Amino acid sequence: MDSKKATLIGLSAVLLWSAIVGLIRGVSQHLGATGGAAAIYTVASVILWMSVGFPQLSRFPRKYLLWGSVLFVAYELCLSLSIGYAHSARQAIEVGMVNYLWPTFTLVAAILFGGQRATLLVVPGFILSMLGICWVLGGDQGLDLVGMMVNLQDNPLSYGLAFVGALIWAAYCTVTAALAQGSNGVTPFFILVALALWGKFLLGDHAGELVVSLPALVYLVLAAAAMGLGYAAWNVGILHGNVTLLAGASYFIPVFSSALSALLLRAPLPASFWGGAALVCGGSILCWQATRGKRPVSGGQAGVAEHRK
């Protein structure tokens, strides 16, 4: 495949993933947090099976299957439910921003546990990312500790799930880089996520949440397509396109995601939010720059992320 065409296809994944927060929230408003997420991952699994295929699991390293599936399922549960449990559209966008700490956490994990070498730029990068999240959570006043605490106390479950999810995804990226040996278990992992969510739905008190309507179906198809086709498009870009350009573009997903979510959910965001989002992006880019051109120490694994949501 032509490199330019593959790069464009890869860039489309960035756009698709940027829409995920708003689309998950849209589905949850119609089908509930758990039922909506279960439906999304079910349809996305079908899309992945048709586009990427289902691998021969017998060829996969057992440790990758075990740890990869556990961490992947745990992360996707944290992501989808943190957005679904949000009390408002704006809170859903803020929760999504907390989730985007994962690139910074991933690079820090690669340095601490994967033997990845880095320059001192990683320190201001990490500080900028955390400062950006505090700025976002401070509300209209920007960096306001009192406002941030009030925000967190309003819905500690959603914000907590998003933060834990970012840590889990960093662990997933680091672990799979060392264990996968070129294997890609995204399709079976998505199926496991769907099964876990349907199990939670059946065991919980979710009667009456699944109210099917035309808007619900539209949001469902769009959300599942954004997830499923996003993975397929990214895979093409990484294999045949300009990896450096794609990696750089992926670090702007927090800004793209906030903009698309604000449009989809009709939730205007103050200037302070955009300032915080810019700091999160800037911090991630600094961490990325700190590791560029630096080889991991002998015997170590870089563990640098799969770039996604």
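Each Cβ is built from the backbone N, Cα and C atoms, and glycine gets one as well.
TrEMBL annotations:
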- 32-52: transmembrane segment (TRANSMEM)
- 64-86: transmembrane segment (TRANSMEM)
- 92-113: transmembrane segment (TRANSMEM)
- 120-138: transmembrane segment (TRANSMEM)
- 158-179: transmembrane segment (TRANSMEM)
- 186-204: transmembrane segment (TRANSMEM)
- 216-236: transmembrane segment (TRANSMEM)
- 243-265: transmembrane segment (TRANSMEM)
- 271-288: transmembrane segment (TRANSMEM)
Exercise for review: Would you confirm whether the transmembrane segment (158-179) and the transmembrane segment (271-288) meet the contact rule of 3 or more C-beta pairs below 8 angstroms, pairs 6 or more apart in sequence?
Suggested key: no
Review point. Cβ under 8 Å to the transmembrane segment (92-113), counting only same-chain residues 6 or more beyond its ends: which ones?
Key: 21-22, 24-25, 79, 82-83, 86, 122, 125-126, 129-130, 133, 136-137, 151, 158-159, 161-163, 165-167, 169-171, 173-174, 177, 250-251, 253-254, 257-258, 261-262, 265, 267, 269, 273, 276-277, 280, 283-284, 287-288, 290-291, 296, 301-305, 307, 309
Practice item. Rank 186-204, 216-236, 271-288 by Cβ pairs under 8 Å to the transmembrane segment (120-138) and hand me the top one. Key: 271-288
Review point. Taking the transmembrane segment (32-52) as the reference, which of 64-86, 186-204, 216-236, 271-288 gives the largest number of Cβ pairs under 8 angstroms?
Key: 216-236
Revision key, fill the gap. Outside the transmembrane segment (216-236), at least 6 residues beyond either end, the same-chain residues with a Cβ under 8 Å of its Cβ set are 1, 6, 9-10, 12-13, 16-17, 19-20, 23-24, 26-27, 30-31, 36, 39-48, 51-52, 184, 186, 190, 246, 307-309
